[in-house]
């Protein structure tokens, strides 16, 4: 049997079975509580630079198919499971989990106590970790040597640049013209807009406000993406310039960037929100929704008070900010993923709300004229 080690920066060591790539990898170790949706998790750009632990004990049952990817180039740095299925059974399956990880050079480790690992991350917070090279007969590098590698390696700060599109492209439609600013877009967001007949132009994360406005958009969508929003200052400046005149909808990282552009602040969460079962309360509808989430940073509630933002939604698990809207401009955002992919589609209506915001804004311009 080929084994490998997972070593955390606090010195904790897990020994397990190697699968996927045999290469070594260093990243931020996080956990995801979803029971299904591992293919979308593996291909979600928001996980760029991270080693993801799945808390559900058996992963890979239904294989990997060609339709459920959220990007064609996975940027996850490692995958940790209690047990992976070597013989998937599903009529849509094209390959197994092990084959997919090998093909995309993603190292995995199985057979470890994922509950213990998750408890460590919950208690002490997410931390750096290293997946050692796969070795036969337990011939590993010394723990101290692996820890030294961890100490000398800094976590990524340029994740958005790594996963954003490099040049604009168009998904044609006959409806409203929407500019989609790609900070690490999940394909599910683009699918929801094209379902509504939008003519979508996808642009890079560092596209200027002037270039965006030249496209004469009816609306702007700020997508999800990885990492700290403060590492993308050019996007914050762009958002400041466009929200007074163009209806804007932010999702996940886009929500954080919109909030920063409006004068609020963001902070790092201890262990983040990652899973497809997070309850969110909406102050306007007075309803609770189950949401799909994946983020390690959040808007701080106190920082909203001295801005023109209004708090619209809050997480029931830890009372963190989940939604805001601007009191003067046609701009709103949510921290979670209304497109699901994977997860519940309780909040899919927000895409319709975005279209309604565009329609109402254009009607108000006609009245003023």
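From the backbone N, Cα and C atoms, a Cβ is placed for every residue, glycine too.
If you look up TrEMBL, you'll see 252 marked as active site, nucleophile. Packing around residue 252 (active site, nucleophile) is summarised by its Cβ count: 29 other Cβ atoms lie within 10 angstroms of its Cβ, all protein chains included.
Residues or ranges marked as active site by TrEMBL: 337 (among others). Under the DSSP three-state reduction, residue 337 (active site) is assigned to strand. Neighbour list (residue 337 (active site), Cβ cut-off 8 Å, at least 6 residues apart, same chain): 186, 188, 224, 251, 252, 291, 292, 293, 294, 343.
If you look up TrEMBL, you'll see 339 (among others) marked as active site. Counting every protein chain shown, 24 other Cβ atoms lie within 10 Å of the Cβ of residue 339 (active site).
DSSP assigns residue 256 (L-glutamine binding site) to a helix in the three-state reduction. Taking the Cβ of residue 256 (L-glutamine binding site) as centre and 10 Å as the limit, one finds 29 other Cβ atoms among all the protein chains shown. Per TrEMBL, L-glutamine binding site is recorded for 46, 225, 227, 253, 256, 294, 296, 297.
Annotation source TrEMBL lists domain 'Carbamoyl-phosphate synthase small subunit N-terminal' at 2-132. Residue counts for the domain 'Carbamoyl-phosphate synthase small subunit N-terminal' (2-132) by DSSP state, with H, G and I taken as helix and E and B as strand, are 26 helix, 47 strand, 58 coil.
The region 'CPSase' annotation in TrEMBL covers 1-176. When averaged over the region 'CPSase' (1-176), pLDDT in the model lands at 96.
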What is the separation, in Å, between the Cα atoms of residue 339 (active site) and residue 225 (L-glutamine binding site)? 14
8 Å Cβ shell about 46, 225, 227, 253, 256, 294, 296, 297 centroid, L-glutamine site members excluded: 184, 224, 226, 228, 229, 252, 295
